[in-house]
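Q: Heads up, here are the entries from TrEMBL:
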- THR43, SER44, VAL166, THR183: FAD binding site (BINDING)
- TYR223, ARG278: D-dopa binding site (BINDING)
- 5-324: domain 'FAD dependent oxidoreductase' (DOMAIN)
- 1-19: signal peptide (SIGNAL)
Amino acid sequence: MAAPKVAVVGAGVIGLSTALCIVETCPSCSVTVLSDQFSPNTTSDVAAGMLIPHTYPGIPIHVQKQWFKETFTYLFAISNSAEASEAGIHLVSGWQVFKSTPKEELPFWSDAVLGFRPMSEAELQKFPQYQFGQAFTTLKCDCPPYLLWLEKRLKATGVQMYNRKVSDLWELHSDYDIVVNCTGIGAHQLVGDKKLFPVRGQVLKVYAPWVKNFIRDGDGLTYIYPGIHRVTLGGTREKESWSLSPDPVTTKDIFDRCCSLEPSLREAQDIKVKVGLRPSRQCVRLQREVLSQGGVKLPVVHNYGHGAGGFSVHRGTAKEAAHLLGECIAALQGSSSGAKL
């Protein structure tokens, strides 16, 4: 069989990193990325890009831990290289604080981040309304630079990128041997996934260069994440809301909540409001499927539904999707050699 032609649909962090893993593991493939949105207009561009995983109820913890470790290891190597600034990746230390001691004092990812420990009494004095906390160092991706860095890496390997809206995966069968679906919330309509729903997130990107440490309320709703140029303040989790319009009442609420954790933010400048729809479901959809019409078959690999945790596991799930693609290629080669017999 000639070099398999692969279309990756979607150009957020999941689509681009999946395309990159495919190129790395199946160099004989001809890979094309198709998307109706590229950076800076993807959902990933709104994300804070902090590596603090949340738990997917439908996926074994050891699998989630593996995804996170692979992602952390990959980004840590970039943060330790000359490309760190261009890729927008840096280490950031800080605190996760709780109003009462959580059931799980050691989350499953505690040994994957750096220097995880309970906060000292002295540290907790910074947060008088909180009783318990965890201190650690993790990684942050500044999203637009990271997406552009991924695009640059892909183009350097000969991957083509086209601005195209795909309305039905089947429309790709005449041009491609395998399709990889990384469309995020778009999969709700594209493949009719009723288990997928939007969780609307509104965040503020502010200029406050004196804020160096991250602070996260243990409930995950209020957070302060310093980036290279801007600090991300959040947030909201509004299930089943499709609105992409910023809400001024929500903006004030987010700002006030963050200022109660870090009063110096009252002096923050140049506040920009961003909204994104997290593609959420009980578990990430990572699986092979074969579409068929009139005896013609189209192998598909799905990799979407990461919710708020996409950045934390993106490299791990991309590697798994590339492995599934390898299985599709083996099946195609098996059927084509069988046809010759």
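Placement of Cβ uses the backbone N, Cα and C atoms for every residue, glycine included.
TrEMBL: automatically predicted annotations, no manual curation.
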Q: In angstrom units, rounded to an integer, how far apart are the Cα atoms of SER44 (FAD binding site) and ARG278 (D-dopa binding site)?
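A: Pair distance, Cα basis, whole Å: 9 Å.
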Q: Any idea what the Cα distance is from THR43 (FAD binding site) over to ARG278 (D-dopa binding site), rounded to a whole Å?
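A: Rounded to a whole number, the Cα-Cα distance is 7 Å.
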Q: Given the binding-site residues THR43, THR183, which one has the fewest other C-beta atoms within 10 angstroms of its C-beta?
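A: The binding-site residues THR43, THR183 were compared, and THR43 has the fewest Cβ atoms within 10 Å.
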Q: If one measures from the C-alpha of VAL166 (FAD binding site) to the C-alpha of TYR223 (D-dopa binding site), what distance in angstrom results, rounded to a whole number?
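A: Here the two Cα atoms lie 35 Å apart.
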Q: For the FAD site made of THR43, SER44, VAL166, THR183, how many Å separate the two farthest Cα atoms?
A: 19
Q: I'd like to know which of these binding-site residues, VAL166, TYR223, is least surrounded, judged by other CB atoms within 10 A.
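A: Looking at the binding-site residues VAL166, TYR223, the Cβ with the fewest others within 10 Å is that of VAL166.
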